[in-house]
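Down below is the structure, laid out as structure tokens.
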Amino acid sequence: MKPLLQMTDLHGGYGDANILHGVNLHVAPAEIVVIVGPNGAGKSTAMKAIFGLLKIRGGSVTVGGVDITGWEPNRIVEAGVCYVPQVDNVFREMTVHENLEMGAFLRSGDLSAAYDRVYGLFPDLKERRKALAGNLSGGQRQMVAMGRALMLEPKILLLDEPTAGLSPKYMEQIFQISRDVRDTGVAILLVEQHAKQALAFADRGYVLASGCNRHEGTGADLLADRDVADMFLGG
Amino acid sequence: MGALEIINFYLVPGLVVGSIYALGAVGITLVFAILRYAHLAHGDLATLGAFLGLGLVTALGISPYLALTAVMALTAVVAVGIDRVFYDYLRERPKIVTVMASLGIALMVRAIVQMVWGVDSQTYTRGIVRPENWFGIRVRDRELITIVAMIVLVVALQLFLQRSKWGKAMRAMSDNPDLALLSGVDNGKVVTITWVIVGGLCAAAGLFLGLNFELKAMMGWSMLLPMFAAAILGGVGRVEGAVLGGLIVGVAEEMSTLFLPTEYKAATAFAILLLMLLVRPTGLLRGKVL
């Protein structure tokens, strides 16, 4: 299948020094792809590079064949890519429903179908739609963040460590919801600290180390790989 | 002294001046919340609004109340212009640079007012207005209109912030600017809308100050401290807090003359500001921590 998102030989970083030294990855439509790797491998950086949140010095990012390298974030959002940052990913002083409304900021017309879809994926949120997002638990806040991003009906959702700091129960729930989202036709690219669990649940995975591709393959293949295991899965 | 005297000589004037502070403090709190700096030209923008009102009143022979909307619109245009020419240029720099620049703008605006309208005190209308008597409580029409206009403007602003698409975008930008950008909110447009509102509120504060007292070049500048005290007292970023803070500072200033010489009136706002920063720096309604 033709890839939905393709990152080719990407070089870049925040300041003068490069953190990414030629990263290649692709995501097919309705596929869950996970990026794992040791600390400092450039996982989150690779994700931010898609969103133009750092200096790109080489390579390209395409979505549906269109080169989006260096675009402004709001144009990338319009192109169908939504990004959920790891921290500060909700509007704390706004209600759950208003957070979703902000997610749909670029859309006009009737949004009831979009609300139904998001509240269908996250029944917890429907109950607490009038609550301030800042008053929710960490897991529920992550759901608000994902819901906000889904309001634009993106083609691909980027999740930066969605399970960081969550209990195993919530981690499982986030993974389950991610599968549900994938089943509605949305591709997901996520960065994960919990490599074992993430590889077990994803369709495919990439292992990054020192800003380069180290391994790639299906989740099961990577879990079975000796080198991957030795590197950071704790044997 | 009876309760009626206290109401007539302290509470009513306190609420009137408090309403004027409230209009200014709401603007200050919006600039704090969305643009994240202390806007020191706030008072002088109010002065400009007051004198633009004088210009309309003398040129067209209309009442100052009729001039209000036009003055708000004109000052809003000036505020947006100042942002485009000066503040926007400094957006990527540390915020203290913009704070200092706004001090320069304050001096510049005041100098322009002095050049155009002179340095003498002026008034919109001549003659003495006798207060109306409402069951023993004496209120002048202009005092009543000041309080009512403040309430109407603040309610309208709150409705805009809570209900409208761009009002929500302003709250989102104040809450989490990065996420607002990731949601596709156009930062530049939010900044422009903010300055339209802030400029309009400044003009209203200036016009009502001129209406209840007199117009002079220093009128806005001397109101700066109580306006900042009000914004911080209420909780930075909280519109309703700024209103509450404005009314408290206004009433406290008037009440202070019961115990202290009148010259210390201005120090009351400063005392409230210091006390609040010491005891509860987030303000009465838990604002942002700066």
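From the backbone N, Cα and C atoms, a Cβ is placed for every residue, glycine too.
Remember, it's a predicted structure, so these values are computed and weren't measured experimentally.
Features of the protein shown, as given by TrEMBL:
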TRANSMEM  B:6-33  transmembrane segment
TRANSMEM  B:45-62  transmembrane segment
TRANSMEM  B:96-117  transmembrane segment
TRANSMEM  B:144-161  transmembrane segment
TRANSMEM  B:190-211  transmembrane segment
TRANSMEM  B:217-236  transmembrane segment
TRANSMEM  B:266-285  transmembrane segment
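The transmembrane segment (B:45-62) makes contact with the transmembrane segment (B:217-236): 3 or more of their CB pairs lie within 8 A, with pairs spaced 6 or more apart in sequence. At the 8 Å Cβ threshold, with sequence separation of at least 6, the transmembrane segment (B:96-117) lacks contact with the transmembrane segment (B:190-211), having fewer than 3 such pairs.
When the stretches B:6-33, B:190-211, B:217-236, B:266-285 are ranked by Cβ pairs under 8 Å to the transmembrane segment (B:144-161), first place goes to B:6-33.
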